[in-house]
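TrEMBL annotations:
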- 12-30: transmembrane segment (TRANSMEM)
- 12-114: domain 'EamA' (DOMAIN)
- 42-63: transmembrane segment (TRANSMEM)
- 69-90: transmembrane segment (TRANSMEM)
- 102-121: transmembrane segment (TRANSMEM)
- 127-148: transmembrane segment (TRANSMEM)
- 127-261: domain 'EamA' (DOMAIN)
- 160-176: transmembrane segment (TRANSMEM)
- 188-210: transmembrane segment (TRANSMEM)
- 217-238: transmembrane segment (TRANSMEM)
- 244-263: transmembrane segment (TRANSMEM)
């Protein structure tokens with residue numbers, strides 16, 4: 001929608017991340033929940049800011065990939081972040097996901113292929129584009145892991161604010177040429193502010209609050225719901241058509257998420273039962 005208004009990628013990303021930093025900064029000051037009151041250190045603050053750069057890297061690489069591959073293929077490649085995040089978490093925590101979670105991940109990937117209408121493919125695919133999008137997926141997987149494991153002693157809003165600062169620094173550095181050559185317009189500022197709420201502030205805040213509460217593998221699988229959501233909003237806001245194949249793909253993804261969470265709940269209940277018996 002912003003693209004239809006003539007706004008290029010660099011300014012949109014810049015104003016999106018800047019709006020997030022300003023909005024969360026105002027909230028941070030208004031709440032007076034200063035960093036000095038949160039039992040943290042400057043080393044941890046810098047680490048959280050550095051972790052936030054992964055969000056900027058994800059967006060930058062994804063946009064670069066779209067110059068070489070279709071949106072459908074890019075969506076499928078970005079969803080590789082599901083298994084990548086689970087793999088990273090398994091290596092870090094030295095705990096492998098359950099069989100049910102592995103099945104859920106496979107279903108998510110299958111549903112993504114259907115929802116993105118990847119087949120039949122009628123054109124050659126750029127290996128460079130695939131590589132860029134895969135790197136974007138790796139960066140997104142790191143974002144998920146960082147929000148789940150880094151700086152959990154910080155207030156979630158403060159943590160989100162710090163990560164947005166890191167993302168803003170990265171995006172500004174990556175898009176300097178386009179930012180300097182493009183005039184500032186109120187349209188770009190407005191779309192950036194609107195985009196910041198739904199693409200940065202709310203997602204990172206929810207990740208920071210809820211990811212630490214979830215078991216290994218559950219969070220990344222839940223994050224796959226963004227594809228069904230994008231299909232629904234593309235239909236409602238942009239008037240794009242939705243095929244039966246996409247509907248099936250969306251249902252498969254939702255089913256995989258439900259399967260993962262039901263299985264996780266059952267496993268937790270069994271563990272509690274065994275603990276009580278002992």
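Cβ atoms are placed via backbone N, Cα and C, with glycine included.
Model confidence over the domain 'EamA' (12-114) is summarised by a mean pLDDT of 82. Counting C-beta pairs under 8 angstroms (sequence separation of 6 or more), the transmembrane segment (12-30) fails to reach the transmembrane segment (69-90), with fewer than 3 such pairs.
Break the domain 'EamA' (12-114) down by DSSP state and the numbers are 84 helix, 0 strand, 19 coil. For the domain 'EamA' (127-261), the DSSP-based tally of helix, strand and coil residues reads 112 helix, 0 strand, 23 coil.
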